[in-house]
C-alpha cells in the first residue's frame with residue numbers, strides 16, 4: 001500500500017529553529033488543522049509536546065478531540081456555536097452576533113478583522129464587541145488576527161499590524177492577562193514578533209517558507225504490476241503515452257482517489273525518483289518506468305504545485321488521511 005513517511009528529526013529541527021526565532025517553545029501555537037496540513041496530526045502531536053509545545057490550533061471540535069490528550073490548550077478556529085461547547089477547549093469568536101449562541105463559561109479568543117475581511121470583528125466595532133463579551137458569561141482569554149498579505153511585498157501587512165496594535169491597546173483597558181497572537185507562518189520571518197504575543201505556525205513547521213527549514217513529508221507508492229511495453233504500444237486511458245522503444249514499465253498504487261492531482265498525460269511530471277509519469281493517472285494507480293517495489297512520488301510539494309499551477313498547501317492537504325503515515 002502507498003505510504004507517507006514523516007522525518008521525525010527534520011520536524012524536531014524545524015520546531016527548534018522556529019522556537020529560537022520566537023524565543024521559546026511556550027510561545028509557539030502549532031496549527032494542526034486539516035490533519036496537520038496532511039502530515040498527520042496524531043503522529044506529530046506527541047513530538048511537539050515532548051519539545052515543550054503546549055498550545056495548538058485546529059479547525060473543529062472533532063480535530064480537537066483527536067489530540068486533546070497531548071495539549072493543555074487547544075484553540076478551535078472554525079467553530080459554529082451550538083450551545084454545547086466543551087470547557088476543555090478554547091473557541092475562536094469570529095462573529096460578534098454569535099456571542100449568545102455559546103455555552104456559558106466557555107473560553108474564547110476574539111478574532112479581529114484587521115484587513116483581511118474574512119472573519120472577525122472590525123477594529124471600529126471592537127468597543128461594542130467588548131461590551132457584549134463583558135455582559136456575557138464567556139471567558140475572554142485571548143485575541144488574535146490573521147495577516148492576508150504577510151508574504152507580499154506591499155504595505156498592507158504593516159497596516160494590519162498597526163490595526164492589531166490598536167485593538168490590543170483598546171482591549172487591554174478592560175481585560176488583563178490575555179494571550180495575543182497575530183503572526184502566522186508567512187509573517188514569522190518578517191521582522192520581530194512583539195514580546196507580548198505568541199506565534200501561530202502552520203506550514204512552516206513542516207519545512208516550507210524558509211530555506212533553513214527541512215521538508216518532513218515524503219510520499220511513496222508500491223508496485224502493483226510490471227510488464228514490457230513494446231515499441232508502438234500505449235499505456236493508460238486514451239493512450240496518451242506511446243513507447244518509442246521497448247521499455248519495462250510498472251504500475252504503482254497511488255491515484256487521484258488518494259488526493260493527488262490528476263495528471264492528464266500532458267507535459268512531463270517528474271516523480272521523486274527522477275522518472276516521469278507515463279500516460280494519464282488512474283483513480284487508484286499510475287505508471288512509470290519500472291523502478292522497484294517502492295518508489296518516491298514526491299518529497300517536495302512545491303514541485304507538484306508548480307506543475308499543476310497551484311500552491312503547496314493544496315498539494316499537501318488533499319493527501320487522503322487513509323494513507324498510512326509513519327515516522328522515520
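Here, residue 1 is simply the first one shown, and the rest follow in order.
Every residue, even glycine, has its Cβ placed from backbone N, Cα and C.
The feature active site, proton acceptor is assigned by Swiss-Prot to 33, 237. Here Swiss-Prot flags 118, 283 as substrate binding site, drawing on sequence analysis. According to Swiss-Prot, the N6-(pyridoxal phosphate)lysine annotation covers 33.
The CA atom of residue 237 (active site, proton acceptor) is located 11 Å away from the CA atom of residue 283 (substrate binding site). Residue 283 (substrate binding site) has a Cβ environment of 9 other Cβ atoms inside 10 Å. Neighbour counts of Cβ atoms within 10 Å were compared for the recorded positions 33, 118, and the top value is held by 33.
Other C-beta atoms found within 10 angstroms of the C-beta of residue 237 (active site, proton acceptor) number 12, with every protein chain shown included. Residue 283 (substrate binding site) sits 26 Å from residue 33 (active site, proton acceptor), taking the CA atoms of both as reference points. Between residue 118 (substrate binding site) and residue 33 (active site, proton acceptor), the C-alpha separation comes to 18 Å.
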